[in-house]
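Here is the structure we will look at.
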Protein chains: 2
Amino acid sequence: MSVTAAKGFTAAGIAAGIKENGNPDLALVVNNGPRRAAAGVFTSNRVKAAPVLWSEQVLAGGQVSAVVLNSGGANACTGPRGFQDTHATAEKAAEVLGRGAIEVAVCSTGLIGVLLPMDKLLPGVETAAAQLSEHGGEKAAIAIKTTDTVHKTSVAEGDGWTVGGMAKGAGMLAPGLATMLVVITTDADVDSAVLDEALRAATRVTFDRVDSDGCMSTNDTVLLLASGSSEVTPEYGEFAEAVKAVCADLARQLIGDAEGAGKDIKIEVVGAATEDDAVEVGRSIARNNLLKCAIHGEDPNWGRVLSAIGTTGAAFEPDRLNVAINGVWVCKNGGVGEDRDKVDMRYREVHIVADLAAGDATATIWTNDLTADYVHENSAYSS
Amino acid sequence: MSVTAAKGFTAAGIAAGIKENGNPDLALVVNNGPRRAAAGVFTSNRVKAAPVLWSEQVLAGGQVSAVVLNSGGANACTGPRGFQDTHATAEKAAEVLGRGAIEVAVCSTGLIGVLLPMDKLLPGVETAAAQLSEHGGEKAAIAIKTTDTVHKTSVAEGDGWTVGGMAKGAGMLAPGLATMLVVITTDADVDSAVLDEALRAATRVTFDRVDSDGCMSTNDTVLLLASGSSEVTPEYGEFAEAVKAVCADLARQLIGDAEGAGKDIKIEVVGAATEDDAVEVGRSIARNNLLKCAIHGEDPNWGRVLSAIGTTGAAFEPDRLNVAINGVWVCKNGGVGEDRDKVDMRYREVHIVADLAAGDATATIWTNDLTADYVHENSAYSS
């Protein structure tokens, strides 16, 4: 499963001592070819961690032989020294694996503004390399956890080829800015241009539409690597669907494990004039703290949905807006609709439909409720 | 004090029975002239409550004889019937006071999506009119409270003229979307164009820079009324300063009384290329839930400040950013600065300075921390 479900990949996950509690904290994923094609998408935060700045350079070449991932430290806002540390990590992996450093991507997650303990990380790379296995995907997925309560993996099977992946990130809610790290692998025989197209198409409607708490990490990274070892080149549409399925599955797992959350909220915007409008409205609803508190309290407070819609520039008329919560149209034509007492909110998943009555475009954004647990988890000193 | 500090105004505050708990819930402010000049600014939410839609029409005429304000119900998302109710309220006040309804502004605050109990509100207008007094400002300020723990008033004295006002709103944090309602009065002899200019200039740098929880109400209203009864026409700059002083004082009181908040956070952005950049960055920092949790935990987590800055389009270089928290430059040149243990965060007011090192423009945004109490207050059923 995970990153070793596809042929041509080995992986390992170990405890290198980066985390003080001794939990696994270092993962290594290696592409044994014959291809080493890759694509990546990164945080759009302009304050980027050193590993993001490095890996963007690596991905520019379209080739990735290995990925080193560590939890226990984000290596963000660490200046030239932080960048040197990332570079040294790539050099170390390259040396141990006999590859070029410029084909080694690096991902980090943890506290911002703290240098990584390189005296532990570099020997850890050697240890991990010695444990690389075709069955190492699970261990790698475990080693990248921060506050995740479960490790997250997914697989989609094609006809003779496979796409598999792992993710960490507690819905972008974790201490130290959470960070979503995702590595997806495939043995399909495709080049980096195909990978790039499929990955961007998939992330646009999956990870980009997960908005647990509105906070964007300095470290978010999604990588897609192809080994070509299945010797099958799938039809593009089929391949893109498989990549999207894995991304959607992992994104849903991230929301389901969001720190401190009690509800997973699916916000479906329909009747929008454009998809951009639908996304803008969905995101505005997803980021409304008052609504998120109400959902936490199992209160179908549609007024807060309307007020969130009202802050956007989307095309709509206020007196034509409709809102359903868990199937009950509590707001019709901008006013009171069906009886709100009919809304059953006992379950973890909550489904909000916002109908703009302005067109045919739709988009779905996932978020979480806002809870006292979220506050507690994120207000701990130096978290 | 309050709206009756300036000559030419009477006010009253009564319990009309709109609130089920019997607390004061209806205020009336009357301008006895000789002038009845007025200006107003309203929520920029596109989903506007009936009283906002009505009062915008009233203010278009530049004349306001009276303001009826009620707590206990926002009259928002209530359709044509809600608008009729607002209209009937203005008609009632006009009839009782012997004025034209089109000179009666109406403000409401409370739960969205619920019709007001007109059988209580209309008789309440008569009762309030019977109690109008030159000393009624305090009672009016009390009657507009929702979850405010204290009523909020302010006065600035000019040379022979006065500006005074009242405000409600718990930092835009209250159940039912809080709503900020502000009525400011003056006996200065100025026309509506002067009022409009002074009010917009003042709100732009005061109320518009209070961002307690990023949620925008459907009902926010700020009115400025002039009676001219001092027979003094102040120099414009002096008058504008007095209006700004009253707005700034009331805005600070709103933040200080924000529901569930434990900290008042002053975010001062300096070194910005433009004032717009400074405001965008300040607002992004103010809306970062992770940072707001950290401040609640008295954690000087500058990484979260940087990551919030990084989501903006403002001009800056990541490796030139500096951040001070309570006077300690914990982040210098985008990396670790002075020892974070030097930061003393025991007091309610927290001062964050974000230096973009990109110019000379500045702006200050006020916000609050994010607390479990905020979640509790806003997740109560039907709040």
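Keep in mind that glycine also has a Cβ here, set from the backbone N, Cα and C atoms.
Taken straight from TrEMBL:
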BINDING   B:Thr146, B:Lys168, B:Thr179, B:Glu259, B:Asn378, B:Ser383  substrate binding site
ACT_SITE  B:Thr179  active site, nucleophile
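A map of TrEMBL features onto the structure.
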| residue | record | Cβ neighbours (10 Å) |
| --- | --- | --- |
| B:Thr146 | substrate binding site | 23 |
| B:Lys168 | substrate binding site | 29 |
| B:Thr179 | substrate binding site | 29 |
| B:Glu259 | substrate binding site | 25 |
| B:Asn378 | substrate binding site | 31 |
Response to the item:
When the binding-site residues B:Thr146, B:Lys168, B:Thr179, B:Glu259, B:Asn378 are screened for a C-beta under 8 angstroms from chain A, what remains is B:Asn378
Worksheet, complete the sentence: Reading the DSSP string in three states, the entry for B:Glu259 (substrate binding site) is coil
Item to complete: Based on DSSP, name the secondary structure state of B:Asn378 (substrate binding site): helix, strand or coil.
Response: helix
Worksheet, complete the sentence: Reduced DSSP state (H/G/I helix, E/B strand, rest coil) at B:Lys168 (substrate binding site) is strand
